[in-house]
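For reference, TrEMBL has these:
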type	residues	note
DOMAIN	26-478	domain 'Major facilitator superfamily (MFS) profile'
TRANSMEM	19-39	transmembrane segment
TRANSMEM	87-104	transmembrane segment
TRANSMEM	111-130	transmembrane segment
TRANSMEM	136-158	transmembrane segment
TRANSMEM	170-193	transmembrane segment
TRANSMEM	199-222	transmembrane segment
TRANSMEM	284-308	transmembrane segment
TRANSMEM	320-342	transmembrane segment
TRANSMEM	349-373	transmembrane segment
TRANSMEM	385-406	transmembrane segment
TRANSMEM	427-447	transmembrane segment
TRANSMEM	453-474	transmembrane segment
Amino acid sequence: MPAVGIPTSGNNKEYVGNLTPYVLATCIVAAMGGLIFGYDIGISGGVTSMDSFLKKFFPAVYRKKEEDKTTNQYCQYDSQTLTMFTSSLYLAALIASIIAATVTRKFGRKLSMLFGGLLFMAGAIINGAAKAVWMLILGRMLLGFGIGFSNQSVPLYLSEMAPYRFRGALNIGFQLSITIGILVANVLNYFFAKIHGGWGWRLSLGGAMVPALIITIGSLVLPDTPNSMIERGQHDEAKAKLQRIRGVDDVSEEFSDLVAASEASKQIEDPWRNLLKRKYRPHLSMAILIPFFQQLTGINVIMFYAPVLFNTIGFGSDASLMSAVITGSVNVLATMVSIYGVDKWGRRFLFLEGGAQMLICQAVVTACIGAKFGVDGTPGELPKWYAIVVVIFICTYVAGFAWSWGPLGWLVPSEIFPLEIRSAAQSVNVSVNMIFTFLVAQIFLTMLCHLKFGLFLFFAFFVFVMSIFIYYFLPETKGIPIEEMGRVWRTHWYWKRFVSEEEDHPNGGYEMGKAGQTVKTV
């Protein structure tokens, strides 16, 4: 029973076009929308490990951490109020992603990016000036609205602008921006924590205005995608734009396919209801399961709470912040590996290799922490070499995620949806991502307190399950033009039962050809 069935006969179909400097620059600017998401992920964990921040807003947590030296290390940060500060953002992002689906479909990807930047900027200002917990929560919710809009629009924008042969690498620019945002936040936290007077956390939180400005200004200067322009009836402008971004005059074949896809999408009165149709069962499954598994790798536990986690396992405050900088650097470098390899090695290879790497590292980290801390959470003096071993395996785990489930969790869903359900399906993808990001962020510290070192085994179980899922149920999408992507389901051993011949070929149709390409059928 093969995981993917692709016929090896027939002629290849290829759209003309090059990776022009114009489209490269455009995709780089758009990908910077990931900075706001990454900066927030990195900044929240560092701020919540700063004593001055805890004393002002969460004094009970500070007392548990500093004054009661007998407290179980696993439980010293267990506070639902503290985790609500982090996780409230993701409830707001969930709501925003649903609204953003309509905005993205009817008014284009650019406007959704603009809303994302402006809302994120407002949240950064309120958080930087916060005087009470309610201001922190309000600011976090505005940040969440901004992230919901940007995460809805940026991956779609990149997948639609990129030539199909380079779509993977250009789309992963979004994840690279997320990792850069995390790294910058970790570096700033390290230095701002040293500011005398204990107000460095204000700079950390208020600094989110910088990535917000980048995506706001970027959204004003970026062109809209030909797909989006066609969807809104601007056919002449769309053809001219397609000629410019492909760098050739003859784009008639790709343009006609885009128009055909748009005409089909206009027949759909309610894309949300249409998404539930049997023929879209594969797309809906991926829109739900990929972000679900992505969050249950446990990566956000590391990235949200890296300083808190390292502090908990025996590092000092400065050392824990520096360890977070190290993991952030690994994250950036490993994402570049994915950019290089995703269109060479394919999505499935990276998914499976990364899953195996994460699983092994989680088992080793569990053994290391369990052996030293036991179940009572009192490790005594942690040897330097022991701490280094833990950091090395956590970094190896982060690397595995950063070239597999990190970027591919955004790339694959954004490239597999046909135009008629694209905005709605991407909204489902973002919503599921935000729901489970919220749940993991909200309950992680409580789970750490109760499951202790077994928490890493909890996430390792899901890494194993999701690797099995990828092996059997995800077809390879490397090198398939985005508007022809539906044909991969028809050749898959399991999903082909949901996609009939008639449904899969509404406009003449295509079949899979050699090397994962598509060919026109008669």
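Just so you know, glycine gets a Cβ as well, placed from its N, Cα and C.
Predicted automatically and left uncurated, TrEMBL annotations should be read as such.
Keep in mind that what you see is a predicted model, and the values were worked out from it rather than measured.
Contact check: the transmembrane segment (385-406) against the transmembrane segment (136-158) gives fewer than three Cβ pairs closer than 8 Å, residues 6 or more apart, which falls short of the contact criterion.
When each of 19-39, 349-373, 453-474 is checked for Cβ pairs under 8 Å to the transmembrane segment (199-222), 19-39 comes out on top. Counting Cβ pairs under 8 Å to the transmembrane segment (19-39), the stretch among 111-130, 136-158, 170-193, 320-342, 453-474 with the most such contacts is 170-193. For the transmembrane segment (170-193), same-chain residues at least 6 beyond its ends with a Cβ under 8 Å from one of its own Cβ atoms are 23-24, 27-28, 30-43, 46-47, 50, 154-155, 158-159, 161-162, 200-201, 203-204, 207, 211, 303, 306-307, 317-318, 321-322, 324-325, 327-329, 331-332, 335-336, 338-339, 342, 402, 406-407, 410-411, 414-415.
Model confidence over the domain 'Major facilitator superfamily (MFS) profile' (26-478) is summarised by a mean pLDDT of 84.
Here the transmembrane segment (320-342) has long-range neighbours at 42, 45-46, 49, 168-169, 172-173, 175-176, 179-180, 182-183, 185-187, 189-190, 193, 302-303, 306-311, 350, 391, 394-395, 398-404, 406-408, 411, 478, meaning same-chain residues at least 6 beyond its ends whose C-beta is under 8 angstroms from one of its own.
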